[in-house]
Amino acid sequence: MGARNSVLRGKKADELERIRLRPGGKKKYRLKHIVWAANKLDRFGLAESLLESKEGCQKILTVLDPMVPTGSENLKSLFNTVCVIWCIHAEEKVKDTEGAKQIVRRHLVAETGTAEKMPSTSRPTAPSSEKGGNYPVQHVGGNYTHIPLSPRTLNAWVKLVEEKKFGAEVVPGFQALSEGCTPYDINQMLNCVGDHQAAMQIIREIINEEAAEWDVQHPIPGPLPAGQLREPRGSDIAGTTSTVEEQIQWMFRPQNPVPVGNIYRRWIQIGLQKCVRMYNPTNILDIKQGPKEPFQSYVDRFYKSLRAEQTDPAVKNWMTQTLLVQNANPDCKLVLKGLGMNPTLEEMLTACQGVGGPGQKARLMAEALKEVIGPAPIPFAAAQQRKAFKCWNCGKEGHSARQCRAPRRQGCWKCGKPGHIMTNCPDRQAGFLRTGPLGKEAPQLPRGPSSAGADTNSTPSGSSSGSTGEIYAAREKTERAERETIQGSDRGLTAPRAGGDTIQGATNRGLAAPQFSLWKRPVVTAYIEGQPVEVLLDTGADDSIVAGIELGNNYSPKIVGGIGGFINTKEYKNVEIEVLNKKVRATIMTGDTPINIFGRNILTALGMSLNLPVAKVEPIKIMLKPGKDGPKLRQWPLTKEKIEALKEICEKMEKEGQLEEAPPTNPYNTPTFAIKKKDKNKWRMLIDFRELNKVTQDFTEIQLGIPHPAGLAKKRRITVLDVGDAYFSIPLHEDFRPYTAFTLPSVNNAEPGKRYIYKVLPQGWKGSPAIFQHTMRQVLEPFRKANKDVIIIQYMDDILIASDRTDLEHDRVVLQLKELLNGLGFSTPDEKFQKDPPYHWMGYELWPTKWKLQKIQLPQKEIWTVNDIQKLVGVLNWAAQLYPGIKTKHLCRLIRGKMTLTEEVQWTELAEAELEENRIILSQEQEGHYYQEEKELEATVQKDQENQWTYKIHQEEKILKVGKYAKVKNTHTNGIRLLAQVVQKIGKEALVIWGRIPKFHLPVEREIWEQWWDNYWQVTWIPDWDFVSTPPLVRLAFNLVGDPIPGAETFYTDGSCNRQSKEGKAGYVTDRGKDKVKKLEQTTNQQAELEAFAMALTDSGPKVNIIVDSQYVMGISASQPTESESKIVNQIIEEMIKKEAIYVAWVPAHKGIGGNQEVDHLVSQGIRQVLFLEKIEPAQEEHEKYHSNVKELSHKFGIPNLVARQIVNSCAQCQQKGEAIHGQVNAELGTWQMDCTHLEGKIIIVAVHVASGFIEAEVIPQESGRQTALFLLKLASRWPITHLHTDNGANFTSQEVKMVAWWIGIEQSFGVPYNPQSQGVVEAMNHHLKNQISRIREQANTIETIVLMAIHCMNFKRRGGIGDMTPSERLINMITTEQEIQFLQAKNSKLKDFRVYFREGRDQLWKGPGELLWKGEGAVLVKVGTDIKIIPRRKAKIIRDYGGRQEMDSGSHLEGAREDGEMA
């Protein structure tokens, strides 16, 4: 510190404090800036003593000046500070830092010529002379010479690494020290680092990767002329295969210089940043202030982590402004928010200096006392005198008691009293409030009879003075009273028992002592000499002080010091105090205090103490199923990264008591693995408990559904809280714990795996939900009984408390519940505690008088997939409980059939209209109301034109909830049946939510309802209801009879269809010899059956018996449909209405039943057969002649794609193997080419899908890597892209584009040198694009608009090429075809696992095996050698080919694999 203190003295120090940091700013230089600058000089190998003179500062500036343009912010701040110190030494008058810099520049140029302007680029440019800068390469006499790095520089680098251990400061330090260095110099710096070889290895790996990437991007152009300097390779840049002379020539040659030094520095910086992240794994988002942590300590940790973050300054600025306040503890956050927007760091540190734990408060108290007692502070640290040592033994200054040679004095060295030593001295105890004579006025104040002064720890008797024996006697009495506890409350809490010296006397052992929850301030009413006072019980205060009472004139004046300052008080002794019906006598002070406080002197006299109640949740006994044993599955291998993550998780859980180590006698094991969480930064441990779930006894879900806000009674106050770590708070029964054992393996089996068992409910185990629900019910049941007027709704870990109590009483109940849960080991996080509306609960927003759904925003998309529609329908169904009129019928029709989740959906006009109507409905906010038991509950049902039923459940005009019903299970339905289903749904819903049946308002006439209900009462359950008729439904009835009609004609109907040609027949035969057949086209089996039934109805009389063999037709007729979406069913309904009586019966098909057998033969002739078998031989001949492709064969001959592909695969001429022919363009589905072109002074970036010719383009502001990367991200978010081909432009080879390509998973390739056609597709498309723009240029003003218009024309208005399609159609067709091919290949791979043995003709010998190609209804396709044969099914045996058995473990123990015998 000597050099630092002597840098500036006297007037120079005063002059420093007049200079502003910034022009026009408020802040000025302080002595701390000099100290900081002296510390920083050591990093650059510069002595601190250089700051003491003008010449020394000039030497420092000579070293720092060349590094300023490319240096870090710390380097620039150091340079600025030295400039100011130089000006003070030179007696130059300056006002701010900028003025000092200008003067220094001017003087250095005039005197030494060394402060010339630095280059604006980061590429090293050697100065013009030896004195030109701190460069290893100097320009002397027109030649560049290399000067090795000085030992001082190397020493500074080594010291930086050793001190900071690869902290965040290493990267800017390396940048500053290696400025202008060659690869040789940089390697010399790396070789100086002796330790940290792991970090050095990481840097070497980065160098190897970057060198290989350099070689790929910069291929060797070819042979060079003799004497010409070769181009550098990656190893040359790394300095392993190049000399210093070659490196200097590459760096400073006139034509195309290659800054190998800067390139190598960038590689090293990438490696150093990786090491910094490894050595500093703490994320800045995890830096949070502890509850008692001083704010300054938290800020230090925050900025240390911030320096390790490799991000933009703008992002760091945002982190500083947002995260610093957001992650502070609640006390500091409250203080910081009061400072307004964007406070400075100095303001925040000043405001929060009083917030912290006891240690922080003690330090601040000491500082406050020092300012009051001690002499006035001297302005500068250099002028302050060191405090003299004083010996406690002899009283002399200059040495300590340990060094004292005088005889040892008996008694305490602190207070001088005998009977105890200094470590036990009561005067050493520090308190939050302390009394005693302070400052200069203290001797003038009246003193008490004791010469020892005020007692800071009053004894229970209230005496502030006395002998040592009395003090110890009182202390022992108090401690003994604290140790004697009594049993309190039914949860086993303990409370202190008072000592026997109180007026009231000792309490009985059977009584429970008072308890104070710490969720709010412990404030009680005390009576001081009969005067009531509200006081705070403060265990952190030594003494007691109150305001607003009069206790007479028998007092002693005292000064009390605290965080808030110092106040004058009156001290009264032996005052009678009554608290909670208990009386004591103690010392108390009165004064102007902001809050009345009872400190430890009164609390100990009352026998109070702090107690931590520990309650217990009894575990539930669980058994395995009879005859079952626990899982004994092997742990599969895991990656090293996952093993380390699991170890960290398990160690944390073991410390928290959730896991314990399994004994070696435990035979059970369950596989464990890890997955990344959503933020991709943390890991989640998963245990595969499927096998344990199989053998564990069954459980019943106690909670059958989710509570609904419409079922809540209307209450004045609501509070919502959450139970944290729900499962991990409940113990698992000890007898069951061994079955949960799992193992953490080690890499390469380096050590035995560590085994754990669960002590709490595991996640993923089937018993955890039921046990948690049962436990929560047991925990809350006594609380519910004790507070019957309070509503407590609990679903899993969400708890809602509602009551009509006053605010104080309601808050008290909530705090009691939190205390109960916390006492049982459950946590209730403050961040999820909701005290004020709106309350976010179970997806709802709750208010005291109403409830809403949380904000619903329907997405806006250009392209919708099946998964998007599913999510949309789910959101709309959720909204339908409050928003009347929500419809999803046509939206659901968009995803009918077998569709993949990612398949694009084609919208219909009806669906678009339905979605827009729903958007309008959701834009009008709706409110639901709470249930009032005394009012009538009503349900009104309505039906719209589209057969959708809506209902609302209300009390008078207040709607509780609404709903819709559109579950039409069949295409053909009956309105009365649907109405019954609606009533059933409402009835069940009302019973669950309110426990009562509402009064219904239904749109049907009573007579029609009762007529239908008499026949179909068994269809479903309908609750009792009061009938209120609204405008009725129209109901059509037809007379179906239950027995055959004697004398009526009987019709046997049947229909058939060929699946391939879609041709079919429908017909009937009668018992009177009539028959009729009708040919059908583009039909199905079901449609043919319905046609036959309709023909029978049309051709029969008023009474008829119809026999069908189709359950489909039978079901439709029996349900008496009144409406249908099918034209043929509507025709059947019309015909059935005309009949007087109809009897419909069903018989099984193909069973030889008379009538049915005849009509079956009638309609099956020429229809039910395999139509494509006879087309295989012509297809083979066609391919042998013309070598047609798969699509042509399938299209022309109507054979399946799989058969056509097998024909092509069997042709030797049509198979191409090996690599693609050199020079051909890669036309795979995911291949795109990208290039930039120019038009009208604008830059247009163009991307072309090679296979289809589809084009994407837009105008970008500059041809940079960032803009190119953004365009690539847009492209990849719209279309599948796996391979990107570009030229070698700087924007395409930039780090931004590489990073995007890596993140998306794109293979990137570049143009081949001397082959401009390697990206010829996009080059040609640039030409076509410009031609198209020229044709339509008049239609738009800006080039941005006309580019997009031209793209539309080229993608959608240009047909031709492959398939005679537009590029957009071709691209979509290719994507769809690729999906179909993948499906067929998967199907084909399954068929290849089977072998066929067959017989041909009359030959009884079995032949084969052959390869199964196709399995039809009547025959199979078999490949034998090169022949494809058609074998009838009756002459073929299909056997699975399992291959040869392998003598090895059949179970797969790889990560994620399933074991047939062990896992479901």
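Cβ atoms are placed via backbone N, Cα and C, with glycine included.
Annotated region 'Interaction with Gp41' per Swiss-Prot: 7-31, in sequence order, evidence recorded as similarity to another entry. Taking Cβ pairs closer than 8 Å, the region 'Interaction with Gp41' (7-31) reaches residues 38, 51-52, 81, 84-85, 88-89, 94-100, 346, 379-382 in its own chain, all 6 or more past its ends.
Feature annotation from Swiss-Prot assigns region 'Disordered' to 111-136 (among others).
Applying DSSP to the region 'Interaction with human PPIA/CYPA and NUP153' (191-228) sorts its residues as follows: 22 helix, 0 strand, 16 coil. The annotation region 'Interaction with human PPIA/CYPA and NUP153' is assigned in Swiss-Prot to 191-228.
The region 'Dimerization/Multimerization of capsid protein p24' feature in Swiss-Prot is assigned to 279-365.
The region 'Disordered' annotation in Swiss-Prot covers 432-500 (among others).
Residues or ranges marked as compositional bias 'Low complexity' by Swiss-Prot: 456-469.
Taken from Swiss-Prot, the feature region 'Dimerization of protease' applies to 514-518 (among others).
Residues annotated as region 'Dimerization of protease' in Swiss-Prot: 562-568 (among others). Mean pLDDT across the region 'Dimerization of protease' (562-568) comes to 65 in this model.
Residues or ranges marked as region 'Dimerization of protease' by Swiss-Prot: 601-613 (among others).
The feature region 'RT 'primer grip'' is assigned by Swiss-Prot to 839-847. Tertiary neighbourhood of the region 'RT 'primer grip'' (839-847): same-chain residues 706-707, 709, 712, 718-720, 795, 798, 800, 853-854, 878, selected by CB-CB distance under 8 Å and a gap of 6+ residues from either end.
Per Swiss-Prot, Mg(2+) 3 binding site is recorded for D1235, D1287, E1323, and the stated evidence type is similarity to another entry. If you draw a 10 Å sphere around the CB of E1323 (Mg(2+) 3 binding site), it holds 18 other CB atoms from the protein chains shown.
Annotated DNA-binding region per Swiss-Prot: 1394-1441, in sequence order.
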For D1235 (Mg(2+) 3 binding site), what is the tally of other C-beta atoms lying within 10 angstroms of its C-beta?
22
Hey, what's the Cβ neighbour count for D1287 (Mg(2+) 3 binding site) at 10 Å?
19
Taking the recorded Mg(2+) 3 site as D1235, D1287, E1323, identify the other residues of that chain whose CB atom sits within 8 Å of the mean position of the site's CB atoms, giving them in sequence order.
Q1233, M1234, C1236, T1286, G1311, Q1319, V1322, N1326
So, by DSSP, how many helix, strand and coil residues make up the region 'Interaction with Gp41' (7-31)?
7 helix, 2 strand, 16 coil
